[in-house]
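Report on the following structure.
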Amino acid sequence: MKKEDLMRSGFATRAIHGGAIENAFGCLATPIYQTSTFVFDTAEQGGRRFAGEEDGYIYTRLGNPNCTQVEEKLAMLEGGEAAASASSGIGAISSAIWVCVKAGDHIVAGKTLYGCTFAFLTHGLSRYGVEVTLVDTRHPEEVEAAIRPNTKLVYLETPANPNMYLTDIKAVCDIAHKHEGVRVMVDNTYCTPYICRPLELGADIVVHSATKYLNGHGDVIAGFVVGKEDYIKEVKLVGVKDLTGANMSPFDAYLISRGMKTLQIRMEQHCRNAQTVAEFLEKHPAVEAVYFPGLPSFPQYELAKKQMALPGAMIAFEVKGGCEAGKKLMNNLHLCSLAVSLGDTETLIQHPASMTHSPYTPEERAASDISEGLVRLSVGLENVEDIIADLKHGLDSLI
């Protein structure tokens with residue numbers, strides 16, 4: 001199928017057929033090119049490839065057919081010109097940010113972030129002379145107030161991890177782009193391009209932890225950066241090649257490409273299950289509050305309808321009784337897996353205050369609006385009645 005015809009096709013068709021590459025034996029499934037290096041026909045050809053005068057592969061850290069295939073697939077789904085793959089979500093995020101900033105530059109970021117992103121921005125970049133200002137991106141005026149003459153990047157997660165706050169991507173992009181040289185980078189892991197496409201709303205760069213929904217089966221660690229072709233070349237040739245070395249393996253690229261073929265149908269079922277679970281949680285007496293974009297009670301329900309095609313499958317909720325109640329709930333579940341990460345076929349649950357965000361001070365958690373009783377739930381693909389029965393058993397133990 002020609003690329004121009006594929007671009008006019010539906011999402012599932014692009015997810016299945018996008019990035020197809022020719023192979024010598026006519027294999028329907030993309031072969032795995034499990035090699036560290038590639039052979040040149042002549043010394044002259046090797047010279048041309050290193051000089052960038054001829055397309056082709058040199059060394060898998062610099063590129064591999066499996067990585068190229070899945071990069072093209074994701075770029076097509078996100079509506080970007082190109083994509084770069086990485087060995088983890090943080091590998092993608094750090095590679096993407098390193099090529100945007102230098103010592104003396106400034107970043108504005110959401111104050112509620114994935115724990116490792118928070119650490120990279122606040123504890124990592126500061127060692128190299130990059131300043132970071134954290135703001136509540138639910139209020140675009142806070143972003144505008146934080147931008148300085150040396151600001152180079154606005155970094156967003158929406159929905160935010162772990163409390164599900166949304167950011168109006170278009171509003172923030174409109175503000176950022178009034179200032180010369182300021183780019184907007186959005187972590188689209190929670191939504192995937194099936195639910196939200198930040199580039200269409202004005203973002204310059206999209207990052208993903210492909211460990212989550214893109215792969216969808218809990219057996220890969222990987223990440224992506226999507227954006228303009230010139231920028232992605234810099235991410236690959238400077239960010240990944242020289243600064244982080246965080247290249248994706250061919251086998252992981254193969255698994256992600258295979259997983260993405262079912263992305264649409266998986267996301268639809270994830271979201272159906274999550275809607276039903278959220279409605280159950282909202283009625284349980286041990287639950288103080290539920291934060292889910294698909295509930296009319298969600299404070300940003302209208303924004304969710306505006307920029308998300310579906311509400312997603314991540315739920316945050318607060319249990320009555322604080323930290324001890326949160327831990328007790330974790331220890332009284334049998335089907336839901338007590339584990340970090342998200343986007344797997346299995347339902348995963350965790351208590352940030354005692355788990356993922358335990359290395360941070362109570363003040364840092366409070367600044368990110370992570371309460372002691374907050375629970376994060378990644379709703380899986382099990383029968384929803386079984387998920388609810390397990391949650392009911394655990395929550396009933398708190399009464």
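Heads up, the Cβ atoms here are built off N, Cα and C, so glycines get one too.
Same-chain residues at least 6 positions away in sequence with a Cβ under 8 Å from that of Thr60 (pyridoxal 5'-phosphate binding site) are, in sequence order, Thr35, Ser36, Thr37, Cys67, Asn247, Ser249, Pro250. Here Swiss-Prot flags Tyr59, Thr60, Arg61, Gly89, Ile90, Ser209, Ala210, Thr211 as pyridoxal 5'-phosphate binding site.
In sequence order, Asn161, Pro162, Met314, Ile315, Ala316, Leu342, Ile349, Gln350, His351, Pro352 are the residues near Arg376 (substrate binding site), counting only same-chain partners six or more apart with C-beta under 8 A. Taken from Swiss-Prot, the feature substrate binding site applies to Tyr114, Arg376, supported by similarity to another entry.
What Swiss-Prot lists as N6-(pyridoxal phosphate)lysine is Lys212, and the listing cites similarity to another entry. DSSP assigns Lys212 (N6-(pyridoxal phosphate)lysine) to coil in the three-state reduction, placing it in neither a helix nor a strand. In sequence order, Gly89, Thr189, Tyr190, Ser341, Leu342, Gly343, Asp344 are the residues of the chain that are 6 or more apart from Lys212 (N6-(pyridoxal phosphate)lysine) and have a CB within less than 8 Å of its CB.
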Residue among binding-site residues Ser209, Thr211 with least C-beta crowding, 10 angstrom cut-off: Thr211
Secondary structure at Gly89 (pyridoxal 5'-phosphate binding site), reduced by DSSP to three states: helix
Lowest local Cβ density (other Cβ within 10 Å) among binding-site residues: Tyr59, Tyr114: Tyr59
